[in-house]
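Right, one structure below, let's go through it.
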Number of protein chains: 2
Amino acid sequence: MGSRNVMSRLLVLSSVGFGGYLTGSYLERRKLIRTADYVNTGKLEESFCSKPGLPIFGTVSAATPIPAEAQSSALVNVSRVGQIMKYGFPGLDNIRSYDDYVLSYDRRTRVAHWVFEHLTPATVKHNDAVDRAKSDFKPDESIHPFFRSLNTDYKGSGFDRGHLAAAGNHRMEQKHCDQTFYLTNMAPQVGVGFNRDKWNHLERYVRKLTKQYPNVYCCTGPLYLPRREDDGKLYVKYQVIGSNNVAVPTHFYKVVVMETTDGRLEMESYVLPNQKIDDGTPLTMYQVPPETVERAAGLLFFDKLARNKLSKINGKKV
Amino acid sequence: MGSRNVMSRLLVLSSVGFGGYLTGSYLERRKLIRTADYVNTGKLEESFCSKPGLPIFGTVSAATPIPAEAQSSALVNVSRVGQIMKYGFPGLDNIRSYDDYVLSYDRRTRVAHWVFEHLTPATVKHNDAVDRAKSDFKPDESIHPFFRSLNTDYKGSGFDRGHLAAAGNHRMEQKHCDQTFYLTNMAPQVGVGFNRDKWNHLERYVRKLTKQYPNVYCCTGPLYLPRREDDGKLYVKYQVIGSNNVAVPTHFYKVVVMETTDGRLEMESYVLPNQKIDDGTPLTMYQVPPETVERAAGLLFFDKLARNKLSKINGKKV
């Protein structure tokens, strides 16, 4: 990435008030070599079962109980999870697996850490039988009531219930579309100029990638980025809404991996501020190094892929 | 809890600027009955092994690799973890088990979600062979470098490296004391008036409980509480320090369960603001209902214990 390109990107980000963080972290930390992932790899290949005193299993669950007679569909769902998560889990906190996407829930902010989707030409294809107008926003009953966001939290807040996994990415069955309307998949987003505009453009852009790439893996989530205040110190500051104090993220990210027909892999990584964005600003201005998102989110994206094995990151040869 | 008691407590909390949250959440939500814990219970009794596509095991690990020849000490450690965590895990994100305490790390804030200790007269007893002056603050190498806090992050910040699991609670062996100096066990704390004073008083108070109770279970962690600003909206705001953006919590909590010789259980729950506190303010002024801490932290404390089975909460009969 040329330094002019970095500078222009930073101008866009700093114009919305949070540039300092991304600048600082990118410039300071590009020297740090990505080392072995202690946390998310290595142990996964081992066959491993319950240890006394370590109830590690409560954290992963299907959001909907699987009835005994539906074993075959359960198997289908498990293998779909395997497809969606092919290149690794970004983190392992409070995982929920739905039929066509996977989510990690942050019980403190009441907003997901990340949602993970696998897009193909088939899953995003228009289907007359599927209509998002038939889907209702609904609380996710699999979340303990202390940490569950509700429709009333958003009411009168001025924020949209913004999808993280986009409804338009899940068109195979009405049920898939419906499941994107769980409030676990929502975050408070600025409506006009963001959710209904630039963020939507990014979603459509990712969906269109399936015209060129047979497999597109998309991880989406919130960020709570610090900014420097007048006293020279960095602060994280975000609003919370409703009686459940649902956090309003300062930014949202998407990290996308595209698989070509001949098995090459490319990555793109975006951070958009949760505010009105000028329609004329090209999406490429919001590209950031994936490492920057990882540090800010506390997550490791596509950690089964070595970054230097990717053929492109943000359109540039690696 | 009498309403006068609630009011005086709230005066203390609001005098430090964050009372609105605790008031609101306590008063609004006391009606909500604690329902079954979907997340942390129920599934734990089942025998359950790896599912394809769900690498749920990376999240729990001993912080130090266990050498093959030390199998017996590994077993001792595992059973110690079982003792410490007897009444349930508050959450399951990035667990680390040390020899005498257990920790859950928040990779986004670079500060633990919680640390859990089991105190007995033996573990807190003065031992001439153990000296905290021999222990060094050290980074926890088991944390990926993207998310690892360093001594340099604290340097010049004006904040102390405040212990979450107190060094004075781990006096059986020098190694136990040393392990409380991992930076995973530290949070940026105001020094004078807090870490070195009121917070220390609370730690000493908890330690002294072992004179009356043979088993004391203590969960400690940070909070990032919202407060209402002039525009009438609630915001979470906290400073971050160093090149790793280590979060400075707005508050800290301790939730403690005491086991009597005849097996009765009592609970106490405290929230202290991370700022200078007048020495004359009694600790009881910082007692809050445990549910309030749970909602704010996104955690469930001692969830293997039904609250109505406790004989006392915050000194009051249940």
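Heads up, the Cβ atoms here are built off N, Cα and C, so glycines get one too.
TrEMBL does not curate its annotations; it predicts them automatically.
Computed from a predicted structure; not experimentally measured.
As recorded in TrEMBL, the features of this protein are as follows:
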type: ACT_SITE; residues: A:His163; note: active site, proton acceptor
type: BINDING; residues: A:Asn195; note: Mg(2+) binding site
type: DOMAIN; residues: A:97-308; note: domain 'DNA/RNA non-specific endonuclease/pyrophosphatase/phosphodiesterase'
type: DOMAIN; residues: A:98-308; note: domain 'ENPP1-3/EXOG-like endonuclease/phosphodiesterase'
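Residues near the residue listed as 'Mg(2+) binding site' in space but far in sequence (CB under 8 A, at least 6 apart, same chain), listed by position: A:Asp160, A:Gly162, A:Gln189. Secondary structure from DSSP puts A:Asn195 (Mg(2+) binding site) in a helix. Shown in sequence order, A:Thr180, A:Phe181, A:Asn185, A:Met186 are the residues of the chain, 6+ apart in sequence, with a C-beta less than 8 angstroms from the C-beta of the residue listed as 'active site, proton acceptor'. In the predicted model, the domain 'ENPP1-3/EXOG-like endonuclease/phosphodiesterase' (A:98-308) has a mean pLDDT of 97.
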